[in-house]
Structure formats: structure tokens, C-alpha cells
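Asks: Take this structure, written in C-alpha cells, and hold onto it; I'll ask about it next.
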Amino acid sequence: MIDDPVVLSRLLTFVTLAFHIVMATIGVGLPIFISIAELVGIKKKDPHYILLARRWTRGYTILVAVGVVTGTIIGFQLSLLWPSFMQAAGHVISLPLFMETFAFFFEAIFLGIYLYTWERFKNPIYHWLLSIPIIIGSSASAFFITSVNAFMNTPQGFDLAEGTIMNVQPLVAMFNPAMPSKVSHVLTTAYLTGAFLLAAIAAFHILRGKTHIYYKKALHLAMIGCFVFSIATIINGDIGGKFLAVYQPEKLAAAEWHFETEDRATLLLGGILDPDEQEVKFGIRIPYALSILAFNRPTAEVIGLNDFPEELWPPLYIHYFFNLMITIGMFLAAVAFAYLVFYYFNRFNSLNKWLLRAIIICAPLSILSIEFGWIMTEAGRQPWILRGYLTVAEAATTSEHVFEMLLLFSSLYLALAILLPIILIRLFKKKTVESEIENQNIIL
Amino acid sequence: MIETIGISILWVFLYGYLIIGSIDFGAGFYSYYAKVTNKKHTIRQVIDRYLSPVWEVTNVFLVFFMIGLVGFFPASAFYFGTALLVPGSIALVLLAIRGSFYAFANYGARESNVYLFLYGITGLLIPAALSTVLTISEGGFITVDDSNVQLLLGELFVSPYSWIVVMLAIVSVLFISASFLTYYANVAKDKDAFELMRKFSLIWGGPTIFLSFLVFLTLSTHNPEHFQAMVEEGWLFVLSLLAFLAAILCIYKRKFMGIAFLLVCFQYGFAFFGYGYTHLPYILYPHITIYENVTSPEMGISLILAFLAGLLLLVPSLFLLMRLFIFNAEYARGR
């Protein structure tokens with residue numbers, strides 16, 4: 001195993017993406033809240049919101065810097081580890097890859113400007129306007145890169161004749177069936193994760209006894225975002241399930257341990273599988289729910305795994321990742337809903353200790369959920385790298401040095417993972433909110 | 001047609017990376033130099049004010065070139081991808097260290113000598129690592145059998161051509177960035193920084209020309225075909241030399257610093273485009289040419305259209321960035 005370039009390439013890609021996905025998600029998720037906070041601050045003439053935007057931006061910048069770095073790595077690693085795949089992808093799906101670099105370019109330029117122009121404009125609304133290209137750029141990056149990933153799941157827009165790719169239609173390839181559900185899911189979950197991170201920071205300070213109104217404003221703003229985007233996530237998560245049922249039934253079936261094609265299909269939560277007998281122990285079964293999830297009709301027929309040759313089955317462990325992702329998603333929505341109920345029906349209780357603790361827990365949970373969802377969708381595409389055309393095993397590099405590279409990159413990510421929180425904590429401890437508010441009152 | 005437009009776009013972007021990347025890499029090195037020699041208050045301020053807003057943009061040029069190469073000439077992904085796993089990964093790790101430690105040092109709470117050292121030293125190692133890709137593209141370092149591509153690392157290590165290119169890359173980084181920082185210090189009216197960077201420009205200028213000659217010499221044995229093509233387009237390299245001489249004259253006389261930097265850009269422009277033009281039709285000697293390995297017309301046209309649309313977006317944005325920071329005397333002076 002240690003000298004199998006296919007396994008090692010998968011591992012290295014896993015390590016890189018598992019790390020990058022956190023940075024990328026935060027990079028897409030935060031700008032929208034920074035922008036909202038600044039706008040609220042300008043409209044209400046409330047310096048607390050401006051400070052909020054400034055402090056969020058500081059943390060965001062460091063995370064984006066690391067995200068740029070890991071994003072550059074994965075951009076190159078795709079060619080280094082999966083040369084045959086990138087050759088094929090270059091022919092058919094390079095358009096969105098190309099446009100992604102433009103989107104990122106756009107974002108990087110305006111982030112640079114935004115960071116260093118807080119006090120350069122007489123009318124603060126000009127500075128706020130600079131945040132719009134950052135939102136557009138980061139979300140467009142997510143859009144383009146997700147459309148490439150969607151293409152790997154539902155490739156189209158070309159013909160394959162005797163090993164040659166012909167009749168390429170770049171836009172058809174880009175706007176493939178998996179694209180809408182995937183893009184909307186990636187975007188809303190990124191915003192949701194961003195919101196919960198910001199909410200958790202505020203909740204943490206309040207729980208630690210900070211009483212300044214600044215923290216309550218921060219918490220409330222972020223929690224509204226949590227609520228909106230958790231609802232959106234549930235809706236497009238449901239759309240994603242329906243997409244799978246039609247276009248990638250084997251992935252849904254593997255995620256649900258659904259072996260026999262049947263109508264009135266049962267949704268399974270948890271459980272332990274006996275793969276030989278295809279029997280499940282200890283699972284929770286919800287009648288009709290899988291048919292509803294897949295087609296919105298309790299009597300709909302859902303295709304089972306046994307309709308596919310076994311060598312094309314995705315790994316069955318994705319069931320757990322699928323379940324965990326959904327459970328966390330539901331929990332996030334419940335916490336956001338509870339906060340709003342507490343806030344609007346009994347103002348004091350929205351700062352209830354247990355609620356604050358739940359909000360804090362939600363931040364790491366939302367990131368875990370991103371990781372789980374990503375594992376589910378990538379592992380669920382196995383054995384294909386381009387579903388129906390190219391397998392992962394065919395696409396990997398033949399180089400003998402992948403193991404050394406795996407060690408090299410793993411140590412890099414480990415170092416970054418240790419340093420990043422230390423730097424962030426140090427940064428924010430050096431300039432506390434209270435001291436900054438004091439200093440700001442002189443300026444404003 | 002598509003292959004010509006495609007390779008031109010890519011080469012322009014690589015040239016862009018050469019210039020702004022060199023400024024960035026070299027500035028990192030000078031920043032570290034200023035730190036260890038305790039010149040913090042002159043040169044480092046100038047460097048920080050230039051670098052802080054634009055460093056991320058630099059990185060994008062490189063990614064853009066790579067993605068564009070895969071898009072326009074997909075086979076290059078296969079050849080370079082397989083061959084370059086080790087050197088490519090090392091360059092990536094260096095880039096990663098540099099990028100993240102810059103952010104840590106600059107936005108983080110504490111100035112750390114370790115961060116600055118890493119930032120400075122990677123500024124020289126990265127160009128060295130990246131320049132070997134150009135060396136490899138000259139052929140002779142890759143074997144292909146049964147679609148199995150392998151890099152001959154041993155050959156690369158003992159090749160004089162390869163080492164001279166590496167040295168040229170490092171010296172160029174120091175020269176380009178010194179000449180830019182001379183100009184920028186002048187705009188910022190920072191006399192100490194100006195004198196220091198002027199001195200560095202004059203020191204590193206000569207070696208860039210000397211090593212360029214050596215590159216010519218060693219290429220004549222390593223890749224005679226390419227060498228012959230370069231001799232035929234020799235006027236481009238003469239223009240490059242003239243631009244260099246004029247630039248050095250300006251810097252020496254302490255006059256027209258902006259023009260001097262532009263002349264340095266021309267020096268590298270003529271040489272770089274001369275090198276690239278004569279390298280054609282090969283992307284990788286002798287395996288990939290722009291004619292045989294270009295993408296389909298459908299994809300090629302859509303990439304070119306996307307590129308034009310992207311330019312419409314980027315040019316005004318870059319213009320704004322430059323107006324606000326680089327060519328803004330008030331900002332450069334730290335107000």
C-alpha cells in the first residue's frame with residue numbers, strides 16, 4: 001500500500017483538500033457578514049458594527065492568506081497527482097477552471113484595497129462598496145470550482161471516440177446536471193459556517209463574562225445569518241438528494257444502504273451493516289422517507305445498489321458521513337431557530353448559558369459537517385474520477401515519490417494547523433474589543 | 001491561430017509574474033537583509049507599504065499561467081504533471097511557507113525573526129525552483145516510454161545549463177526588485193532607502209548580463225536548435241542589452257528613476273519574449289508543440305473569450321489598485 005501511487009495520491013489529495021476546504025469555506029462564508037456589518041454600521045452610524053467589520057476582516061485576511069496558499073497547492077497538485085485526469089479535464093472543463101483564477105484575481109485585488117483603505121474615503125459608503133467585489137469574487141470562485149467538481153460527477157459536453165475527446169461544448173460541460181444543486185449547497189453551507197464561526201466567537205466572549213453591548217450585537221447579527229442560511233441549506237440539501245436519485249442513483253443508494261430497488265422506500269439512520277447478508281442492525285428506519293427524499297412522493301420507486309455491478313459500487317461507509325452531515329445540519333438549524341425564539345419572545349433568555357454553549361459547539365460542528373459532506377460526495381463518486389469515463393486508478397500519477405510528498409505536505413499542514421490558531425488568538429488578544437472601542441471614540 | 005493567441009496570452013502572464021514576482025521575492029529578501037543589518041526604519045517601511053496590498057495578486061499570476069497552460073495545451077498537464085511531482089511539490093511548499101508566514105508576520109501580533117527569515121530565504125529559493133521548469137522545457141531531462149514519463153533528476157543536477165539558469169533567476173530577482181524599490185523609495189522621498197536600493201541595483205545589474213551570456217553559451221551545446229533560432233532573432237537580445245545599459249545609466253546618474261525601472265522591464269521583456277518566441281513551436285522539447293497539442297477550437301475560442309471578459313474586469317481593478325497604492329505618492333510616503 002505504501003508504494004501504490006493510486007492510494008498515496010488519493011491520500012495526499014485528501015490531506016490537501018481536507019485542509020483547504022476549511023480555509024476555502026471560511027473565505028467564501030465571511031465576506032458577506034463583514035459587508036453587512038459595515039453597512040449596518042454606516043446606516044445606523046454605530047461604530048460598534050464598523051469595529052465588528054474591521055475585526056472580522058483582520059481574522060479573515062489571515063485565513064484567506066492560508067487559503068490562497070493551500071488553493072495554489074491544490075491547483076498544481078491536480079496536475080502533479082492526476083496528470084491523465086487533468087489532461088482530459090483540460091480538454092473539456094478548463095473553462096470554469098480558467099474563470100476561477102479570474103474570480104480569485106478579482107477578489108484578491110479588492111481585498112488588498114479594502115484592507116488598507118478604511119480611513120481613506122470621506123464618504124464611508126465608498127469603502128463599503130469595495131466589499132461587494134470581494135463577495136462576488138469569492139462566491140464566483142466557489143461557483144466555478146464547484147462546477148468542475150459537478151462535472152466529475154455528471155460529465156457531459158463532449159464525445160469520446162477511440163480514446164479521443166471530440167465535439168467539445170465548454171458551456172454544456174460547465175452547466176452540467178450536478179452543477180445547480182452542488183453550487184447552491186456549497187455556497188449556502190459556506191455562508192452558514194461563516195455565520196456560526198462569528199456567532200461562536202461572540203457567544204464565547206459573552207459566556208466568559210464580557211458584558212459589552214458589542215458582543216450582543218455581533219451575536220445577533222451572526223445568528224440571523226445562521227438562521228437564514230440553515231433554512232437555505234436544508235432546502236438545497238433536499239434538492240441535492242433529488243438530484244442524486246435521478247442522476248447518480250448509486251451514490252444515494254450507497255449512502256442509504258438501499259440495496260433492492262423498491263417503491264415506498266425506507267430512510268435509514270445509523271445502524272451497522274452486514275455486507276454479505278445486506279442486513280442492517282440497530283438502525284432507525286423511517287418509512288416512506290427515502291422515497292420522499294428522492295422524489296417527493298411516498299410511493300416513488302428508488303433504485304437500489306443491486307442494480308449496479310458490484311465493482312462500480314461506491315464505498316458503503318459513506319452512509320455514516322451522509323447521516324452525520326444531515327444530523328449536524330438539522331442541529332444547526334435547531335440552534336439558530338431556538339436563539340431567535342428566545343430573542344424575540346424573551347429578550348433576556350437569548351443569552352441563556354446553555355444556548356450560548358450550543359452556539360459555540362455549532363462552529364466546529366459546522367466545519368465537521370462540511371468535511372463529512374465533502375467526503376460523502378467524493379467517496380460516493382468512486383471508483384470514478386470522471387463518472388463513466390475515467391477511474392481514479394487510471395488517472396493517478398505513475399511517479400514513485402508520492403509517499404515522500406505525502407510526508408512533506410502533511411508536515412506543512414500540521415505546522416500551519418498549529419500556528420494558525422496561535423497567531424489568530426495572539427492577534428485578537430493584543431487588541432481587545434474594549435481597548436479598540438475606547439480608542440475609536442476619539443476618532444468617530 | 002488559437003495556439004498562437006493561447007501561447008501569447010500565457011507568455012504575457014508569465015512575463016507579468018516574472019516582473020511582479022521578482023519585485024515581491026526580492027523585496028522579501030531585502031526586507032530580511034534590512035532587519036539583520038538594523039536598517040528597519042528606512043527600507044523596510046517602503047517595502048511593507050508596497051507589498052502589503054499586492055502580495056496576493058502576485059500568486060494569482062502563477063496559478064493563472066498554470067491553469068491556462070492546461071486549458072490551451074492539455075497534454076502539457078500530463079507531461080509536466082508526471083515529471084514535475086518532486087520539484088513542483090518542493091516549489092509549492094516553499095510558496096506555502098512564504099505566503100503563510102508573510103501573513104503571520106504582517107497581520108499577526110508579533111514580529112518574528114524566524115518568520116522574516118523564512119520569508120526572505122524562500123524569496124530566493126522559489127525562483128530557483130521555478131526556473132528549473134524552463135530548463136526542463138529545453139528537453140533532455142525527461143524520458144518517455146509507453147506513456148510513462150520520468151524526470152532525470154540526476155541529469156538536471158549535473159547540467160551546467162541548469163545551474164546557470166538558476167543563478168540567473170536569483171540574480172534577476174535581486175536586480176528587478178532593487179530597481180523597482182529604488183524607484184519606489186524615490187517616490188516616497190525616502191533618501192536612505194533610495195541610496196541603499198540604488199547601490200543594490202548597480203551591484204546586481206552586471207551579473208544579470210554576464211549570466212545571460214552564459215545561458216546563451218551553455219544552451220548552444222544543450223539545445224543547438226533553440227540556440228540557432230535565438231541567434232537568428234539576435235536583434236531582440238541586442239535591444240535587451242541596450243535597455244539594460246540605459247537603465248543602469250539612469251540609476252547611476254540618479255535620474256528618471258521611473259523610466260529606469262521601465263527600461264529594466266524592457267530589458268527582461270525583450271529577452272523573455274525573444275527566448276519564448278524562439279522556443280516555439282515547442283512547449284517541451286521534443287514532445288509537446290503548440291500545433292500538435294493545442295486544445296479543440298471550441299474550447300480554445302471559449303477560453304479566449306473568457307480571457308477578454310476577464311481582462312475587462314481586471315484591468316480597471318488593477319488600475320485602481322495601482323492608483324491607490326503604488327503610484328500614489330501620498331500613500332508611498334506613509335500618510
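Placement of Cβ uses the backbone N, Cα and C atoms for every residue, glycine included.
Quick paste of what TrEMBL says about this protein:
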type	residues	note
TRANSMEM	B:12-33	transmembrane segment
TRANSMEM	B:54-73	transmembrane segment
TRANSMEM	B:79-104	transmembrane segment
TRANSMEM	B:116-141	transmembrane segment
TRANSMEM	B:161-181	transmembrane segment
TRANSMEM	B:202-222	transmembrane segment
TRANSMEM	B:234-252	transmembrane segment
TRANSMEM	B:259-280	transmembrane segment
TRANSMEM	B:300-326	transmembrane segment
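Give me the lay of the land around each of these features.
Replies: Counting residues 6+ beyond its ends, the transmembrane segment (B:54-73) has Cβ neighbours under 8 Å at 2-3, 6-7, 9-10, 13-14, 16-17, 20-21, 24, 80, 95, 99, 102, 130, 283, 288, 290, 293-295, 299-300, 303, 318, 321, 325-326 in the same chain.
Residues 28, 51, 55, 59, 62, 69, 112, 115, 118-119, 122-123, 125-126, 129-130, 132-133, 136, 141-142, 144, 148-151, 153, 284, 287-288 of the same chain sit 6 or more residues outside the transmembrane segment (B:79-104) yet have a Cβ under 8 Å from a Cβ within it.
If you look at the transmembrane segment (B:161-181), the same-chain residues 6 or more away from its ends with a CB under 8 A from one of its CBs are 18-19, 21-27, 29-30, 43, 46-47, 50, 123-124, 127-128, 130-132, 134-135, 138, 141, 193, 197, 200-201, 203-205, 207-208, 211-212, 214-215, 218-219, 221-222, 247, 251, 260-261, 264, 268.
Listed as Cβ neighbours of the transmembrane segment (B:202-222) (distance under 8 Å, sequence separation of 6 or more from its ends, same chain) are residues 138, 140, 159-161, 164-165, 167-168, 171-172, 174-175, 178, 230, 237, 240-241, 244, 247-248, 251-252, 271.
Here the transmembrane segment (B:259-280) has Cβ contacts under 8 Å with residues 7, 11, 14-15, 18-19, 137, 172, 175-176, 179-180, 182-183, 212, 226, 229-230, 232-233, 236-237, 239-241, 243-244, 246-247, 250-251, 290 of the same chain, all six or more residues outside its ends.
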Asks: Take the transmembrane segment (B:116-141) and find every residue of the same chain, 6 or more past its ends, with a Cβ under 8 Å from one of its Cβ atoms.
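Replies: The answer is 21-22, 24-29, 31-33, 35, 62, 80, 83-84, 87, 90-91, 94-95, 97-98, 101-102, 105, 151-152, 155-156, 159, 161-162, 165-166, 168-170, 172-174, 219, 222-223, 226, 279, 282-287.
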